[in-house]
Amino acid sequence: MTNLGSLGPTGPARLEAAARSAMSGHVYDYIATGSGVEETLAANEAAWRDLLLRPRVLRDVTTVDTSTTVLGTPVSAPVLVAPTGYQRLVHPEGEVGMAAGSARAGSLLTLSTRATVTFEELVEVSGPWWLQLYILRDRGLTETIVQRAAAAGARALVLTVDTPYVARKARRTPFPPDVVSPVLVPELQARDDKGVWQDPGVTVADLAWLAEISGLPLVVKGVLRGDEARACVDAGAAAIWVSNHGGRQLDGVVPTATALAEVRAAVPEEVEVYVDGGLRTGRDVLRALALGATATFVGRPAVWALATEGAAGVHDLLVSLRAELEEAMALAGCRTVAEVAPDLLHP
Ligand SMILES: Cc1cc2nc3c(=O)[nH]c(=O)nc-3n(C[C@H](O)[C@H](O)[C@H](O)COP(=O)(O)O)c2cc1C
């Protein structure tokens, strides 16, 4: 085992506290907030901790390998970066810093449609990346974005489906849009107010269209039910991403740790299933793998890391989570990601 650093037991809270002191109160609130009364925000983290591990012992764990692949792309660990908008709000490097830190850690980045850098700036430093997309009311513009992303080297499209409208946030204070705008798609700047440009009329019938115009594998993000996951796969999705938007859309929904097993069971084994929401430690990642996730994504922790130390902070966070996962795998008797199985969880 490598002896990489670790966040330590209080690490996630410390990271958030450090980030909080590096930004204004309204930017902190924009990132930290959930929707409604933040029931889901709280439930996401708690649901991982409620899953008790049943370690295997007397296995030869001299070598432990956290590496795996997502849609054929090799990554150093199943700990990847979720899309979050407006990253230049928290650090001048913005998405470029996120991409550089992620690349150096051997991870994979998902770029938000609401990115504050251009594709050209991103690809200079980025490792493998996917584009997160909303289908816009303007289908022609949607097509343009998708084709620009494909030409710039995106390896997959992630369609976010839990946001037909942007939910009311518990703590959000508005920030001036002229400070930081979604420059990825300049056409969106003029229309960037409350859900005006996201099409609430999107249905499962649009998935095949998206896959066809991009030529890229399609990941559907924001699924919490087995039947819906199955319908997306039948309509052409290559992978399903179990997510409740980090507790920022419908409040009171099932935590992702609880939804994951149902989704995993509903889709064929060869379909990759990802999960995000409240994952804060390498042990949480192990729990997600035991429930059948192919990989996990972190949202807020990556933003806190970017805010405190830019690309270096993102790198350190991902390496720490990888080291924690490596340790947890060893202590649970798993040498490879493939050896992590449901029997590691107390029924
Ligand atoms: C500040 C912020 C901005 C986000 N922006 C987007 C976005 O543009 N597109 C999207 O699909 N999800 C977005 N998300 C949701 C994340 O991709 C992810 O699902 C969530 O943050 C995971 O939960 P976690 O923050 O507990 O790790 C955002 C989340 C946060 C906290």
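Each residue, glycine too, has its Cβ placed from N, Cα and C.
Taken verbatim from TrEMBL:
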- 4-347: domain 'FMN hydroxy acid dehydrogenase' (DOMAIN)
- TYR30, GLN132, TYR134, HIS245, ARG248: glyoxylate binding site (BINDING)
- PRO83, THR84, GLY85, SER112, THR160, LYS221, SER243, ASP276, GLY277, GLY278, LEU279, ARG280, GLY299, ARG300: FMN binding site (BINDING)
- HIS245: active site, proton acceptor (ACT_SITE)
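Annotated features, which come from TrEMBL, shown on the structure.
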residue: TYR30; record: glyoxylate binding site; Cβ within 10 Å: 21
residue: PRO83; record: FMN binding site; Cβ within 10 Å: 25
residue: GLN132; record: glyoxylate binding site; Cβ within 10 Å: 25
residue: TYR134; record: glyoxylate binding site; Cβ within 10 Å: 21
residue: SER243; record: FMN binding site; Cβ within 10 Å: 27
residue: HIS245; record: glyoxylate binding site; Cβ within 10 Å: 23
residue: ARG248; record: glyoxylate binding site; Cβ within 10 Å: 24
residue: GLY277; record: FMN binding site; Cβ within 10 Å: 32
residue: LEU279; record: FMN binding site; Cβ within 10 Å: 27
residue: GLY299; record: FMN binding site; Cβ within 10 Å: 22
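Along the domain 'FMN hydroxy acid dehydrogenase' (4-347), the predicted structure has mean pLDDT 92. Contacts of THR160 (FMN binding site) defined by a Cβ separation under 8 A and a same-chain sequence distance of 6+ are given as PRO83, GLN132, LEU133, TYR134, LYS221, GLY222, HIS245, in order along the sequence. Cα spacing between TYR30 (glyoxylate binding site) and GLY85 (FMN binding site): 10 Å, rounded to the nearest whole number.
Annotation note: TYR30 (glyoxylate binding site) sits in a helical segment as assigned by DSSP. Residues TYR30, GLN132, TYR134, HIS245, ARG248 are recorded as binding glyoxylate; their most distant pair of Cα atoms lies 20 Å apart. GLY85 (FMN binding site) sits 13 Å from ARG248 (glyoxylate binding site), taking the Cα positions as reference. Spanning the residues PRO83, THR84, GLY85, SER112, THR160, LYS221, SER243, ASP276, GLY277, GLY278, LEU279, ARG280, GLY299, ARG300 that the record associates with binding FMN, the maximal Cα-Cα distance equals 22 Å. Note on GLY85 (FMN binding site): other Cβ atoms within 10 Å of its Cβ, all shown chains, come to 19.
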